[in-house]
Amino acid sequence: SEEDMYRDAEEIEREKILLCETSSSEHKLSVAPEIDIMEYCRKEWRGNTPVAKRMRKGYEAVAQKFASIRRVRGDNYCALRATLFQALSQATQLPSWLQSEDFTMLPENLLSKYDWIKQWQLKQKLGRKMGEIHDEIKEYLILLRKKWKNISEIKGPIEKQEACDKLFKNEEEEYSLYEALKFLMLNTAIELYNDDKNGRRVPVFSWLLFARDTSSNPRQLMHNHLNHIGHSGGLEQVEMFLLAYALQYTIQVYRLYKYSTDEFITLYPNDPEEDWPVVTLITEDDRHYNIPVRMCQETML
């Protein structure tokens with residue numbers, strides 16, 4: 001095809017291999033087993049195009065800090081999946097916002113103020129009639145709290161990892177957790193929007209979020225963006241900030257295609273709160289995210 005004229009033959013071949021792998025049984029695993037980071041890089045980026053060279057340099061830089069990588073299933077939930085997996089696999093306590101008494105009342109409280117939330121796009125459950133929307137979302141929030149609490153109480157790192165792996169093999173529970181995260185993002189967006197309208201200080205990304213033609217208010221954000229996450233679209237850059245604020249986590253991302261620029265390591269938010277835990281992800285294109293694991297000893301010290 002026309003566009004193939006501009007691509008390295010190895011790059012095209014690599015894409016075919018990836019497509020085959022995705023359609024094989026491996027895609028059933030939400031988060032694949034770990035593999036040596038440089039071994040993964042050599043397998044993925046064999047060509048001699050400028051892009052391949054840049055990616056290899058990027059992976060070499062990440063390999064100074066992390067020994068391995070875990071590939072994340074590449075659907076439109078992958079930013080949520082990678083972030084939540086990392087947060088749970090290193091959780092040692094329940095975050096304060098998950099402990100608050102009114103946490104599970106959130107859907108009811110928001111729906112009583114904003115009727116338009118009834119148009120929230122719930123994931124379809126097979127063989128089950130949809131209940132009231134706030135009951136469904138409440139169920140997801142309760143599940144999120146329960147899973148976070150259970151995993152954070154596991155002391156041994158191997159057992160904790162096994163519990164995370166088990167959770168991310170259970171599709172029903174896994175996708176329910178993403179719905180909970182999306183709803184928390186909506187709640188955070190409403191809070192930021194109202195703070196700005198009432199003259200309170202808001203982070204810069206909040207202005208950018210509501211400066212888009214497609215999300216000038218929380219209702220539009222829900223209709224045009226949040227409802228599509230996991231279905232027809234993933235998270236955009238500005239929504240990574242929103243996710244970080246919703247979870248009260250700093251999301252540190254190695255953006256490999258930005259290697260040798262100031263944006264190679266990007267923080268969401270870029271002025272994080274000191275007490276927020278940090279999770280680290282890797283992306284080659286700001287669309288798909290993988291997980292670096294096993295910090296190198298010298299880095300830990």
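Note: Cβ is positioned from N, Cα and C throughout, glycine not excepted.
TrEMBL entries are annotated by machine, without manual review.
Within 10 Å of the Cβ of Asp75 (active site) there are 15 other Cβ atoms, across all protein chains. Per TrEMBL, the feature active site maps to Asp75 (among others).
Cys78 (active site, nucleophile) has a Cβ environment of 23 other Cβ atoms inside 10 Å. Summarising the annotation, TrEMBL assigns active site, nucleophile to Cys78.
Positions annotated as active site by TrEMBL: His288 (among others). Non-local neighbourhood of His288 (active site): Val72, Gly74, Cys78, each in the same chain, at least six residues away, with C-beta under 8 Å from its C-beta.
A 10 Å cutoff on Cβ-Cβ distances gives Glu263 (site 'Linear diubiquitin binding') a total of 10 other Cβ atoms nearby, all chains included. The annotation site 'Linear diubiquitin binding' is assigned in TrEMBL to Glu263.
A Cα-Cα distance of 25 Å separates Asp75 (active site) from Glu263 (site 'Linear diubiquitin binding').
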